[in-house]
Each structure stands twice: as structure tokens, then as C-alpha cells.
Amino acid sequence: MSSRASTISTITTHSLHAAEVSGCKAANPCSVTPESPVKAETDPKDRIVHTVDPGAFPEGGLAAWCTVIGAALVQACGFGYLASFGVFQDFYTREYLTNETPSTISWIGGINIFLVSALSPLSGMLYDRGYFHHLIIGGAVLQSFSLFMLSLAQRGQFYQILLTQSFGSGIALGLMYVPSMGLISHYFHRRRTLAMTLAASGSPIGSIIHPIMLNNFIKKIGFANGVRISAAFVSLLLFVACWLMRTRLEPPKNATNQWGVAKGVFRDFPFLIMTIGLVFSQCGFYYPVFFFQLDSVKHGNSMAFSFYSLVIMSTANLVGRVSSGFITPYTGVPMLMIITTFACGVLILSMIGLSNVASVVVLGVLYGYFSGMYISLMVPLMAVLTSELSELGGRIGISFMFIGMDSSPPSSGALLTSQYKWWIPALFCGLIVLVGDSLFVIMQLLLVRRRVCEGLGKC
């Protein structure tokens, strides 16, 4: 932390929650500033006091923005590559793994998602203890190795693809995701949501580039050479990312008590309800990502157009991610999450009517935009609900561990069946996303109740 003399605001956990969640600007009377410290009347034994020095965060500068760019590159090679799985789902189903069902093939992407989430608590704990560079470099090397090994997988050999694309790549992304996003908190506090949103925009940029590369290279030069070129490109981007990102703060001398962090999550009802809401909404979220291109092909649209269906979705996804960072100062992160999740649920239900080119374009643009906002708000929402910065990595990891427990892609594939009954998975996934949205509404009501309670001095 900066050692220069500055006014320090001492605030309680609940006060910090109220100030950040309200989405107020610095000029607003409810903001937490050196000139207007916020205090809550609580029992001293229950009060957790945090010291926040607003001047301790650079809020910009070369090192800060290089870190944001590096995190964006990690997202482009991580979730950006994973979001391109629709290309592989289509190719494997129609040509490379024709002896397997769509549900079985979707396990490749499903296990990848699970491992990213399941490893988040471990990577979050190691990140909090100062192992940032070990995680980033190790994950980058493993991701590069896994993709090159994928290029050696033979036609019809499901287990070879499963080992490389599911387990190898999944472990690599699980090591890199939390540290790359958590490091942004070393440089930003007031502008943290904007910085995290810009970093998260790397994922849709990657999901624009990778499908174009993969569809064209696999078609023209074959699966093996196409994947090798893609692996070389990913390796280059990850090398640049590792070079750009630098830690600024020393790890805490006393390591964060992860068991204490876990207990704090279960006692913090807004955070707990938020996590459960994410679990439900994620159960349906990946259905369009995995099956949109195949859906377009099977409805008779040309291959040339269908190859770009994911690109349409990903381009709108990028716009959604970037725009969310500018909308949240006016709506607040929780309220915007409620709006975007509701829109995603309705649009997934609308996929029941997907058929011609026009419907693919409209649904691709709208779902891409709102899903981009949804994804970009996940980590900022966790940050808003986390009062102690040293616990952020652990809390993100715990939440993502639960999120990864769903098996939505294989479930969607099973509901689709080999007869391609598209309305069944669309109905299931759309409704379950709306269930998650209802939990976000409950989370917001709990936050409002907490603020009212604190305002009356009864908490």
C-alpha cells in the first residue's frame, strides 16, 4: 500500500457493502470518501474494521493498463477459446466423432468448464498467498501444450480429445482465470468495475477470432494443421500476457484463512444467494454458445453463413461487455445483473423459433449483447459483495467452484437427442436461467433491507 500521508476512511463491513452496492458517485452524500467517513453502530465484538486508503490505488498508469491488457489476453485465450467450442461441437458431431452422440461430445466442453470452476478455489488461495506468476506461467504453458496435443488427436478417438481439450485445457484455464482478474484489484478501486469489464472483453474478442480461424483452417488445411496454427497463435498471446502483468502489492504476511473465508460466504446471505443464482443461470447459459452453429446448420442455413453465426454472437458479446462498464455507474452492478439475466432467459426461450438467416442474426446479436453484459458483471458483482480485498480471490474461487458443478452442456445435448428436438433444451435452459434471475432479485432485496437497517441504526 502507498505510504504517503492521506486521510484514511475507517468503515465497517456492512457500511462498505452499502456504499459500493448503492452505485453512488463520489459527489453523492452516501459515497465513502475521506471527507465523509461512514460508520455503523454495531456491537464492537461483531464489527470488522477495514482501512481503505483511496489514494493507495493508482486508478491508471502504464503498469495498471498493461495489467488490464494482459488479463484481457488471458481471457481471449481462455474463455474466448472455450466460447468457440460451438465450432468443435459442430465439426465433431458432423465429421470427426460421428460415432458419438451430441450429448457425449458436449462433455468435452462441459468438463472444461467444470475444471475451470473447480480449480478456482485452489488458484484463488494460491493467488492470495503470492503465487501469481507461478499460476499464470504454469497455466499458459499447459494451455499451449494441450492445444498442440489436440492437433495430434485422431478421427473417432474420443478419449484423445477428452484428455487434451477437456482435462489439459480445463486445468490450464482454472489456474489462470482467478489470478488474472484478481490482479486488477492491485491497481483499481474506484474504477475497478470498469477495469474488470475491459479485461473481460478479451473473451469475446477471442471468441470472434478463434471461430473464424478454426472454421476456415480446419476446412482448408485439415483438423491437425488448423489446430496447430491456432495453438501457435494462443501461445504467442499468452507469452505477451505473462510479460505484461505485474503484481504491485506484497502478499499479506498472514495468509488469509480460507476456512474463515468459506464460513464468511455461508454467513453472508446476499453473497450466498448470488452464488446460488449464478449456479442456476449458468445451467442454461452455455446452451447457445455450444449449439448455436449446429442449430443454424441443421435448420438448412448455408455452411458459409453458419460458420459466422458464432462470430455474430461474439461481436455483440464484446459490445455488451464493454458497454456494461459504462452503464453500471447509473444502475449499480446488482440491478444490471438482474436485467441482463432476465433478457438472457427470454432469448434462450426464443431459440425455439430459430430457423432462417434472419432469426439467427437477430438472436445472435441480442443474446450475444446481453450474455456479454452478464459475463462481464459476474466478477464485479462478487467484488461489490466482498468487503475485504484480501478475501476476493478466495471468494471468487468458492463461487466458481459451485458454478462448475452443473452439467448443462451434456444435459442440453441429452435433451436435444439424436433427432434434434431443439425446443426441449431451449425451454429447459431458458426457464432455469429465469430461476437464477429470481434469486438475483432476492439478493437485491436483501441488500436493500441491509441498507435500510443500517440507516436506521438497527444493525
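Glycine is treated like the rest: Cβ placed from N, Cα and C.
As given in TrEMBL:
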{"type": "TRANSMEM", "residues": "62-83", "note": "transmembrane segment"}
{"type": "TRANSMEM", "residues": "104-125", "note": "transmembrane segment"}
{"type": "TRANSMEM", "residues": "131-150", "note": "transmembrane segment"}
{"type": "TRANSMEM", "residues": "162-188", "note": "transmembrane segment"}
{"type": "TRANSMEM", "residues": "194-214", "note": "transmembrane segment"}
{"type": "TRANSMEM", "residues": "226-249", "note": "transmembrane segment"}
{"type": "TRANSMEM", "residues": "269-292", "note": "transmembrane segment"}
{"type": "TRANSMEM", "residues": "304-327", "note": "transmembrane segment"}
{"type": "TRANSMEM", "residues": "333-354", "note": "transmembrane segment"}
{"type": "TRANSMEM", "residues": "361-385", "note": "transmembrane segment"}
{"type": "TRANSMEM", "residues": "422-448", "note": "transmembrane segment"}
Cβ contacts the transmembrane segment (361-385)/the transmembrane segment (194-214), at least three under 8 Å, sequence gap 6 or more: yes
Chain residues in Cβ proximity to the transmembrane segment (131-150) (below 8 Å; excluding those fewer than six residues from its ends, i.e. six or more beyond): 74, 77-78, 123, 161, 163-165, 168-169, 171-176, 179-180, 183, 227-228, 230-231, 234-235, 238-239, 241-242, 245, 247
Seg_contact(the transmembrane segment (162-188), the transmembrane segment (62-83)) with at least 3 CB pairs under 8 angstroms, min sep 6: yes
Among the ranges 62-83, 104-125, 194-214, 226-249, 269-292, the one whose Cβ pairs under 8 Å to the transmembrane segment (304-327) are most numerous: 194-214
Spatial neighbours of the transmembrane segment (194-214) far in sequence, C-beta under 8 Å, 6+ residues away: 64, 68, 71-81, 83-84, 86-88, 180-181, 184, 187-188, 226-227, 229-230, 233, 293, 307-308, 310-311, 314-315, 317-318, 320-322, 324-326, 328, 368, 372, 375-377, 379-380, 383
